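Residues or ranges marked as active site, acyl-thioester intermediate in TrEMBL: B:Cys131. Annotation comment: TrEMBL describes B:Ser162, B:Val163, B:Gly164, B:Pro165, B:Gly166, B:Thr167, B:Arg168, B:Gln169, B:Asn170, B:Asn273 as NAD(+) binding site. The annotation domain 'Semialdehyde dehydrogenase NAD-binding' is assigned in TrEMBL to B:6-121.
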Amino acid sequence: MNLQGKSVKLHDMSLRDGMHAKRHQISVDEMVKVACAMDEAGMPLIEVTHGDGLGGASVNYGFPAHTDEEYLGAVIPKMKQAKVSALLLPGIGTVDHLKMAKELGVSTIRVATHCTEADVSQQHITMARKMDMDTVGFLMMAHMASPEKIVEQAKLMVGYGANCIYCTDSAGYMLPDEVTTKISALREALPAEIELGFHGHHNMAMGVANSLAAIEAGCARIDGSVAGLGAGAGNTPLEVLCAVLNRMGCETGIDLYKIMDVAEDLITPMMDRVIRIDRDALTLGYAGVYSSFLLFAQRAEKKYGVSARDILVELGRRGTVGGQEDMIEDLALTMAKARG
Amino acid sequence: MSKKLKAVIIGPGNIGTDLLMKMQRSEWVEPVWMVGIDPESEGLKRAATMGIKTCSTGVDGILEHVIKDDIRVAFDATSAYVHAENSRKLNELGVIMIDLTPAAIGPFCVPPVNLAAHAQNLEMNVNMVTCGGQATIPMVAAVSRVQEVNYGEIIATVSSRSVGPGTRQNIDEFTRTTAGAVEKVGGAKKGKAIIIINPAEPPLMMRDTVHCLTAEEPNRDAITESVHAMVAEVQKYVPGYKLVNGPVFDGNRVSMFMEVEGLGDFLPKYAGNLDIMTAAGLRTAEMFAEEVANGTIDLPARGE
């Protein structure tokens, strides 16, 4: 593979997807410290939001230690070069949240829908574009739809005003060939000025390999998280991706040693548990299940005595999508009843 | 004189058609007109074959027939944008408006919780909240009538096939309206609503989760009894309303996991979200009709 001379914008997820792994309990102090260190290391874009996006604070997904306003208000004024993005899932967050984020200085909004339901994003993408934000359409669980369907849905988002489209492997299910196929299809179908992005999870250890395939097929933005702090087995570990891209001669603008230090000295000590491909995280990738279900399934296992792996496999079989965390306790109760 | 209230349905889409099918079985409400804006629409053609008068020029087109045909109740299944005008025009002629859009200019109505009060007050415009609201607010109310609920949260999961373009283009209306009604009708101090659209095939049945955070430690026996009684109330007009799991108690959290199976009138049975709206809307009109028949309320006077 030859990526020599290409350049790519990396987008850190540790303070948003990482909120899942931290049960949304990252302190404002930690947020600011990590964001400043990443800013210093040259990270161009940093996402700061509840794990489930703006307005995600809930019984269903978890109440965070602080509000989105508090996190964004603390981090954004401290940034020297990095821009800050926020995630919004229609059905959870609303245009009101979007306006709040814009007022606090969020420059990039990522409007996320299940990969076949892009038309619920019209309200939010239209408004973001009207407010002159860098507007990303984020198609989640992209392994669940054909390349043709992904293209069709991406075109809807572009029609509403998105200037960048993400193919999002929320389950960490995809293998590099699938990434190549889907990104190539998007690249072929969308106008050249529309950027493409890829968001990976490391549940099958494919985070770095998939990101390389994505860049080769035309992605200009790649998500990952420093030290891999994210849902499931984490996101593509950015310091690793940086090192690989350095070796391949692909430009990121990030200082490798500095980002390695952020991973080792700041983020790893914050972890509640080692982010690794344990049996349940591997099951997410293998069965194609939304990565943030991991800790909920493990909690249900403890409470109801049903194996987390069995719960996750059943959730995959039922075709659950992102946001259906409430199914986990419900299913565990039903499975426990069936066992008598 | 027939005890049945004569009705007009505005909006010949999924909701309007399902409502028409249910209304044809009603002992208290008789469908007379179906109103649309496109003469070629499938929904109007379907209504015509079902023996209903149709009008393709919007609400303005039926105003002249309202008195002549003794229309007393209207169901608006169009959109929040046009509802206010539809309601104003028909209210002026003394027609009670049942609002199935998210416009919510009149008070929210969730039949087992507050319909009786609306009927006795002869509210001329009542709003049916949202499908998610109809499926979950009775559960919030079942807890809040036992003890104080600081926070009520509902998660509605619906099949992609059952969610029409109107809801999709304006999904914020769903979350805002539902959250508001969780507070106003459900009795929670603070409300939150989440909607998830799932494209699985075959389509999944409508599912709803209700979480309440009580101010004091929950009274498990009283809440369990109240929840089961409320489920039975809803089942009177939505037989497929089912408590799958719960109430589950975890500290001050009380959770109920529901499933709503439709009657399969117009859309298949998985579309319980459609069913619970139309059934609740019809139940509301029936209650008005019953109160009129009992002499508890009088319909707005009409000169001949």
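Cβ coordinates come from backbone N, Cα and C, glycine included.
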Fewest neighbouring Cβ atoms within 10 Å among the binding-site residues B:Ser162, B:Gly166 goes to B:Gly166
Are there any residues at least 6 positions away along the chain from B:Gly164 (NAD(+) binding site) with a Cβ closer than 8 Å to its Cβ? List them or say none. B:Gly13, B:Asn14, B:Ile15
Can you filter B:Cys131, B:Ser162, B:Arg168 (the recorded positions) down to those whose Cβ is less than 8 Å from some Cβ in chain A? B:Arg168
Per DSSP (three-state), B:Ser162 (NAD(+) binding site) is helix
Select one residue from B:Cys131, B:Arg168, B:Asn170: among these recorded positions, choose the one with the most other Cβ atoms within 10 Å of its Cβ. B:Cys131
Based on the record's binding annotation for NAD(+) (B:Ser162, B:Val163, B:Gly164, B:Pro165, B:Gly166, B:Thr167, B:Arg168, B:Gln169, B:Asn170, B:Asn273), what whole-number value in Å is the widest Cα to Cα distance? 18
Please report the distance from the Cα of B:Gly166 (NAD(+) binding site) to the Cα of B:Cys131 (active site, acyl-thioester intermediate), rounded to the nearest angstrom. 13
Could you round the CA separation between B:Asn170 (NAD(+) binding site) and the residue listed as 'active site, acyl-thioester intermediate' to a whole angstrom and send it over? 14
The rounded CA-CA distance in Å from B:Arg168 (NAD(+) binding site) to B:Cys131 (active site, acyl-thioester intermediate) is 14
Could you tell me the C-alpha distance between B:Cys131 (active site, acyl-thioester intermediate) and B:Ser162 (NAD(+) binding site) in angstrom, no decimals? 11
Taking the domain 'Semialdehyde dehydrogenase NAD-binding' (B:6-121) alone, what is its mean pLDDT? 95
Per DSSP, B:Arg168 (NAD(+) binding site) is which: helix, strand or coil? helix
